[in-house]
Amino acid sequence: MTTEHLDRIHSPADLRKLDRRDLKPIADELRAFVLESVSKTGGHLSSNLGTVELTLALHYVFDTPHDRIVWDVGHQTYPHKILTGRRDRMATLRQEGGISGFPKRSESEYDDFGTAHSSTSISAALGMAVASRNAGVARQHIAVIGDGAMSAGMAFEAMNNAGVTSDINLLVILNDNDMSISPPVGALNRYLARLMSGRFYAAAKNMGKAVLQHVPPVLELARRFEEHAKGMITSATMFEEFGFNYVGPIDGHDLDALIPTLQNLKTLQGLQFLHVVTRKGRGYKLAEVDPVLYHGPGKFDPAVGIQAAKTPAKRTFTQVFGAWLCDQAEADPRLVGITPAMREGSGLVEFEQRFPKRYFDVGIAEQHAVTFAAGLACEGQKPVVAIYSTFLQRGYDQVVHDVALQNLDVTFALDRAGLVGADGATHAGNYDIAFLRCVPNMVIATPSDENETRLLLSTCYAYPGPASVRYPRGAGCGAAVSAGLDTVPLGKGVVRRRGARIAIMGFGTLVPAALAAAEKLDATVADMRFVKPLDVELLRELAATHEALVTLEDAAVMGGAGSAVTEALNMAGLTLPVLQLGLPDVFIDHGDQAALLAGVGLDAAGIERSVRERFASLLG
């Protein structure tokens, strides 16, 4: 791969020295470099291939880092990272000690706002714009947001607030690629489709390109053109009702259209909204055909594409959930499945195919997803909300107020619990035990392997109230999974190994590591299964027959399962040493999942080491 043009770019300042016509070969080399890099490291691909020209145009037109660019979600920022001095570190992408897969303020002065969760960009850019106004600093503020992210209420809350905020410069760029991770859904997506498919759209786009090539960046002339193009496409838009001056749609891969348009918008004061149309996977045919498959691939050979594994892989927890959901739906016609735009990631593909009328993708709208489930439960339906642990944080008030307070029968399947590996701190599901344990009526189940996941899903589904089952990303220990829909007693654990003096109480998928450590420690291991209700009877037995207890969880130790155990011991008036092992009170960066766990002492060797250090006198 030749990069003779890209080799000359060490910062956006180098871009701005070039003639516009020199950018096309840079775009081609940049796209090829992104493909080659991601194929070697894994990471987000389709979205980054789709933002090459837009990224080039933004850094070419605006004075970054003085001008602020906030990238919504942020998984489309690899071209941005490459152009802002991090090209030589792309080989470390999403690896321990390497660069993040998302914008990160501590990583570069060009990363103006840390993102990874959706729909935050307009709010952040608006805050920056107001701060610049208050400080008397003249700069531009740009929020780049995808059409999938526009389905979240927060984006519209920010636009509504911006509409009544005076004397600021804010440009919102809608990157319309008709995809979030799963295809976007809802009325907004249909509205955007109507804008793009209007009878004047194609003519307007072509004429706009021709006109812009000859338009100098003069304020009045720019306004005249924008009003003319706008009138050809639509007489009024939803975005203008918020107080934004709407421009577009324009081709997001055409630098000759993008750059003059951005230059004109740069001269305007106030609220601007630019609608650009891009294609996920642009320039790599396999990703264009299947942008979902190539959304976040592992390592692969670009010449042949992603291939099926030669040897059968162990079932992932997500696959176990997906199979259970279909089986439970077959047995109970009241079951409905809900996902906030994560059909593939949460394992609902087969469920949608088999039960399309009972499948609901509500878009990137976690608050709505939870309360929608509450409404279904009010009328006798049995909703299962399949959601990443980190994204349930966005619907916490709804969990408390709309579900738990009314003791409604909603089951939460919390995928990606604990450390998630390459996606890092922004996607870690470390806090669910702590923030759910304090909510009355809520059941929290922590399965230790694949079969336990199925058992506890069935158990929580049978419970007539709010319940959550948390399980991690990836595969477990390879346990055989039963075919039935059996349940276990609610709030009851089970002893997996009998030992002496020390008892390890495991919550979740670290139980196999605890068993390995216990062989060397001659310790008892209890698979507690539930954080809430906690098996106090088993706890009392372990306290009475052992000299020390160890609690173990792949979640934040502060407020977690270990805290529940110490609280229960205190309530019972029982006093004995307790070692609480879990995730420390820090944000843990990206890296290999197993290596990160080992780094905080939560592999078998680390568990053994911690127990020996704390209870050396008991172990001799």
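Cβ atoms are placed via backbone N, Cα and C, with glycine included.
Among the features that Swiss-Prot reports, thiamine diphosphate binding site is placed at His75, Ala116, His117, Ser118, Gly148, Ala149, Asn177, Tyr284, Glu366. Asn177 (thiamine diphosphate binding site): 24 other CB atoms within 10 A of its CB, across all protein chains. When secondary structure is read from DSSP and collapsed to three states, Asn177 (thiamine diphosphate binding site) falls in the coil class.
Swiss-Prot lists Asp147, Asn177 with the feature Mg(2+) binding site.
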Original post:
Sequence gap of 6 or more, C-beta under 8 Å: which same-chain residues meet both conditions with respect to His117 (thiamine diphosphate binding site)?
Top reply: Val73, Thr390, Phe391, Arg394, Thr426
Subject >> Which same-chain residues, if any, lie at least 6 apart from His75 (thiamine diphosphate binding site) yet have Cβ under 8 Å of it >> reply: His44, Ser47, Asn48, Gly101, Phe102, Ala116, Gly296
Subject >> Between Asn177 (thiamine diphosphate binding site) and Asp147 (Mg(2+) binding site), the C-alpha gap once rounded to whole angstrom >> reply: 7
Original post:
Which one of these binding-site residues has the most other Cβ atoms within 10 Å of its own Cβ: Asp147, Glu366?
Top reply: Glu366
Original post:
Roughly how many angstrom lie between the C-alpha atoms of Glu366 (thiamine diphosphate binding site) and Asp147 (Mg(2+) binding site)?
Top reply: 16
Original post:
Looking only at Cβ atoms, how many others are within 10 Å of the one on Gly148 (thiamine diphosphate binding site)?
Top reply: 29
